[in-house]
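Chemist: Mind looking over this structure? Questions follow.
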């Protein structure tokens with residue numbers, strides 16, 4: 001009986017010693033893995049990284065577009081207001097513009113509401129930036145065309161002036177008026193279109209630049225998650241191997 005008890009105690013000591021060695025090796029391996037990757041030492045970090053939901057393409061697009069799009073819209077509105085006030089000050093000058101040869105700028109429409117032909121590209125450009133009209137508004141004083149009052153309709157149109165047969169003024173042929181609302185709208189539209197054409201390539205380029213770091217960060221996150229999963233699988237296999245080795249030692253000691 002005493003010999004049997006001694007053998008049982010010896011087997012128990014050997015099994016306990018083998019289990020302690022296995023636990024010590026496992027703890028050493030986990031400590032080395034933790035030092036190589038400090039982020040994995042936080043409790044629940046691996047599970048949080050593995051179970052973290054990946055953002056969809058809509059959320060990613062919103063994150064990338066929100067900040068530069070807001071800055072772009074703010075700059076567009078600021079420049080539009082600047083263009084509006086500049087056009088207002090440009091339009092607040094004289095009521096008509098006289099060319100160097102003494103002719104009045106071609107009006108946008110004659111007394112019959114028909115458009116006059118543009119004689120040259122320069123006149124077309126000036127007519128765009130300085131449009132004129134023959135509509136007489138309140139608090140406007142009509143001036144004779146080239147200081148000539150008694151002109152026939154053909155001569156008046158040849159001088160690119162406005163002819164009125166209704167007798168609303170003391171003379172029938174008068175100089176056209178500056179079309180301030182039309183000029184302001186044209187300047188405003190030109191500024192808006194120019195701003196969009198200038199800022200759109202810059203915005204697209206900045207969006208492309210922002211997408212590259214985001215893709216790199218996403219790839220780095222995927223690599224970290226993959227590495228953590230591999231380390232977890234290695235530790236699991238290592239613990240299983242140590243447990244099998246401990247059982248084998250125990251069985252060998254029993255024999």
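Even glycines carry a Cβ here, placed using N, Cα and C.
The following feature annotations were taken from Swiss-Prot:
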| type | residues | note |
| --- | --- | --- |
| DOMAIN | 125-184 | domain 'P-type' |
| REGION | 220-255 | region 'Disordered' |
| TOPO_DOM | 1-68 | topological domain 'Cytoplasmic' |
| TOPO_DOM | 90-183 | topological domain 'Extracellular' |
| TOPO_DOM | 205-255 | topological domain 'Cytoplasmic' |
| TRANSMEM | 69-89 | transmembrane segment |
| TRANSMEM | 184-204 | transmembrane segment |
Chemist: Find the average pLDDT over the topological domain 'Cytoplasmic' (1-68) in the predicted model and report it.
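Modeler: Averaged over the topological domain 'Cytoplasmic' (1-68), per-residue pLDDT gives 54.
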Chemist: By DSSP, what is the split of the domain 'P-type' (125-184) into helix, strand and coil residues?
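Modeler: Reading the DSSP string over the domain 'P-type' (125-184) gives 16 helix, 11 strand, 33 coil.
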